[in-house]
Amino acid sequence: PSCFGYPVSIFFIIINEFCERFSYYGMRAVLVLYFKYFLQWDDNLSTAIYHTFVALCYLTPILGAIIADAWLGKFLTIVSLSIVYTFGQAVMAVSSINDLTDDNRDGFPDNVNLHIGLSMTGLILIALGTGGIKPCVSAFGGDQFEDDQEKQRSRFFSIFYLSINAGSLLSTIITPILRAQECGIHSKQRCYPLAFGVPAALMAVSLVVFIAGSVMYKKVKPQGNIMIQVSKCIGFAIKNRFRHRSKKFPKREHWLDWASEKYDKRLIAQTKMVLKVLFLYIPLPMFWALFDQQGSRWTLQATTMDGNFGSIQIQPDQMQTVNPILIIIMVPVVDAVIYPLIKKCKINFTPLRKITVGMFLASLAFVAAALVQVQIDKTLPVFPAAEQSQIKIINLGTYDAMVQFEPQLPHVDVKSMESTGYMTFETSQLRSLNITIGNKTTTEPISLPGGNRHTLGIKNNATSAVAIWLFDNVTSKPEEGNNLVRFINNLPDTINITMGETSFGTLMPISASDYKLFPGGRKDTIVAIRNLNACTVTSKGLGFGSAYTIVIDECAEARLNVTYSEDIPPNTIHMAWQIPQYFILTCAEVVFSVTGLEFSYSQAPSSMKAVLQAGWLLTVAVGNIIVLIVAGASKLDEQWAEYVLFAALLLAVCIIFAVMAYFYTYVDPSEVEAQLDEEEKKQAKKDQEVYENQTEADSRM
């Protein structure tokens, strides 16, 4: 049956692909943050495991292609591996339920190893599934067309590519929103089970849709795998060449010609063409090493930025959507506008030049990322070294105050109801301090542990100046754009404080609560209950990644007066500053990725497309392994330096590639094939003549 001139079966295949890509990219979008915040891994381990997983996803297609071509056929391979895949996604969703092992109900899993074990199992199954079906689905779609439907087939591949990007775009927008929700049985947490559960459900839908179209599919029998044949041919040539290494054997034109004893001329000629292209692939993994850091390093960079776009709050993992959005815009623009313009300027923009430009642009994108990182680093707070102490003073009194640090250290003036920033002292030099507030003076001895931040609250009462020391147990900026908040009760009575849904408990007069964590970018209602009367006020916007001490000054007639003291400034660099690096990297992807596959297919015979696709996917896998090696081997403390290192490495590789491309001669596979056909015809004619002569001779006898 057909619809608009297309086989009906391909609509099932396109819906299946959309759901599968939604499932994969949705899960991948939140993965690095799941490692960091749920499994509590540091940035480097999270990045390493993320890239190991992506590398696996691009190694398994080779396995999938071999299973499909040599054994099960495409249809059964897709079905069986999709089942594995759906199961993997479900395991992943289960692994992120913290209530599984959270016996003490503190909101964190008690047995983290169980969660790690489950999520690694899930990821391995997903890598097997997504990689295994990757080479089969598009080829299976191509199989549905008749030979005379060339136009429809090429349009199908365009729609197919669009459905991939549509799936990845939607899921990269939706799953981070799901992740940002709060859910849980005993304690409310970021909702990873939902963020992984929706992709799992879509994978199940994808499987059902694919099986539903079963009766309409054209199923081609497995024809034996070309990759296995090519590998055997190469292996035999090397072995045979090694056997005949002495001088007495005449040299052959190409080392692959040593396979001619066992393999036919056509396979050898085709393998030569493939190897010529694969040789050019050697520098390409470096591009993917940079490209795939969008989901790891760049997402982690976004967690230290301000995601406030007016009325919309952007989650750090949603910044990855910039890539598919730009792809959908850029592919048509580049094809319809930029390439024709370059042609008009009489520049011969060959495929290999396009790939070189793509590599150069990607390296530029990382320079942009490094520049943004330098700006972010400037805004990060400096914490005290082991032998230092940092002290901040809040004046809770009604008079201005002067604090003199002894012996012979500077004095500080603090106005009424105001606070200072953190001042850094060598801990060994701090002995005592003199506080003068109004006409009251007091002297306090100091003994502080080194390497910490402290807040000193001072106030005047009827007889003297009072000092309270607060230990600020914050050693880093709050993660994931969250905010830390604590309260000081500056009233003569005991009060009970809640902010939003978080209770800070009961606070005695002139005492402070502990810090509590709040999601970034929100405004919450602060409620203080004093002598059974409630006073309320809405907090100011605390931004992302800040820490505040809020002083309760007055609670009367249901109105609450508070003063804010900033302990750690919020993230000030806006996430929009990541757009330039995403834009440059997307331009790089358009000229690199799209051209790369087209070029490969134009330089090799049609029967060898599977080998080249495997080679191309292999470059992605190797690229992700490069990230592991470089990030592991470089002992760079500064993130911007690592970005610059990657940019420099890609630039070097880009130059090497440009040289290789310069010496490359383009071939036309159809001409080579025609030549082989011609030779085979001649050979057949010769054999025929020999046979006829032979029979003639036989008949005379």
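Just so it is clear, glycine is given a Cβ too, placed from its N, Cα and C backbone atoms.
Sequence annotations record features per position, and here TrEMBL assigns compositional bias 'Basic and acidic residues' to 679-689. Cβ atoms under 8 Å from those of the compositional bias 'Basic and acidic residues' (679-689) belong to residues 265-266 of the same chain, restricted to positions at least 6 beyond its ends.
Under DSSP, the residues of the compositional bias 'Polar residues' (691-701) split into helix, strand and coil as follows: 10 helix, 0 strand, 1 coil. Positions annotated as compositional bias 'Polar residues' by TrEMBL: 691-701.
For 677-701, the entry in TrEMBL reads region 'Disordered'.
Taken from TrEMBL, the feature transmembrane segment applies to 48-68 (among others).
TrEMBL lists 75-94 (among others) with the feature transmembrane segment. Residues 20, 23, 27, 64, 67-68, 100, 118-119, 121-130, 132-133, 136-137, 140, 193, 196-197, 199-200, 203-204, 206-207, 210-211, 214, 217, 219 of the same chain lie 6+ residues outside the transmembrane segment (75-94) yet bring a C-beta within less than 8 angstroms of a C-beta in it.
Beyond the transmembrane segment (114-133), the same-chain residues lying 6 or more positions past its ends with a Cβ under 8 Å from any Cβ of the stretch are 20, 24, 27, 34, 38-39, 53, 56-61, 63-64, 67, 77-78, 81-82, 84-92, 94-96, 98, 100-101. According to TrEMBL, the feature transmembrane segment maps to 114-133 (among others).
Taken from TrEMBL, the feature transmembrane segment covers 154-174 (among others). Listed as Cβ neighbours of the transmembrane segment (154-174) (distance under 8 Å, sequence separation of 6 or more from its ends, same chain) are residues 6, 10, 13-15, 17-26, 29, 138, 141-142, 145, 198-199, 317-318, 320-321, 324-325, 327-328.
TrEMBL lists 194-217 (among others) with the feature transmembrane segment.
Taken from TrEMBL, the feature transmembrane segment applies to 273-291 (among others).
Within the chain carrying the transmembrane segment (325-342), a Cβ under 8 angstroms from the stretch's Cβ atoms is held by residues 162, 165-166, 169, 349, 582-583, 586-587, 589-591, 594, all 6 or more beyond its ends. The annotation transmembrane segment is assigned in TrEMBL to 325-342 (among others).
Taken from TrEMBL, the feature transmembrane segment applies to 354-374 (among others).
Marked as transmembrane segment by TrEMBL: 610-631 (among others). Beyond the ends of the transmembrane segment (610-631), by six or more residues, the same chain brings 44, 47-48, 51-52, 54-59, 61-62, 65, 69, 134-135, 139, 225-227, 230, 274, 277-278, 281, 284-293, 296, 596-597, 600-601, 604, 642, 645-646, 649 to within a C-beta distance below 8 angstroms of the stretch.
If you look at the transmembrane segment (643-664), the same-chain residues 6 or more away from its ends with a CB under 8 A from one of its CBs are 276, 279-280, 283-284, 286-287, 289-290, 293, 297, 350, 352-353, 355-356, 359-360, 362-364, 366-367, 369-370, 373, 630, 634, 636. Summarising the annotation, TrEMBL assigns transmembrane segment to 643-664 (among others).
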Other parts of the chain folded back onto the transmembrane segment (48-68), taken as Cβ under 8 Å at six or more residues beyond its ends: 24, 28, 31-32, 35, 41, 74, 77-78, 81, 123-124, 126-128, 130-136, 222, 225, 227-228, 292, 295-296, 610, 613-614, 617-618, 620-622, 624-625, 627-628, 631-632
Intrachain residues whose Cβ lies under 8 Å of the transmembrane segment (194-217), provided they are six or more past its termini: 1, 7-9, 11-13, 15-20, 22-24, 26-27, 30, 34, 75, 78-79, 82-83, 85-86, 89-90, 92-93, 95-96, 140, 144, 171, 174-176, 178-179, 181, 183
Residues from the same chain, set at least six apart from the ends of the transmembrane segment (354-374), whose C-beta lies under 8 A from its own: 283-284, 286-287, 290-291, 297-298, 301, 573, 577-578, 580-582, 584-585, 587-593, 595-596, 599, 639-641, 643-644, 646-648, 650-651, 653-654, 657-658, 661
Helix, strand and coil counts within the compositional bias 'Basic and acidic residues' (679-689) (DSSP): 11 helix, 0 strand, 0 coil
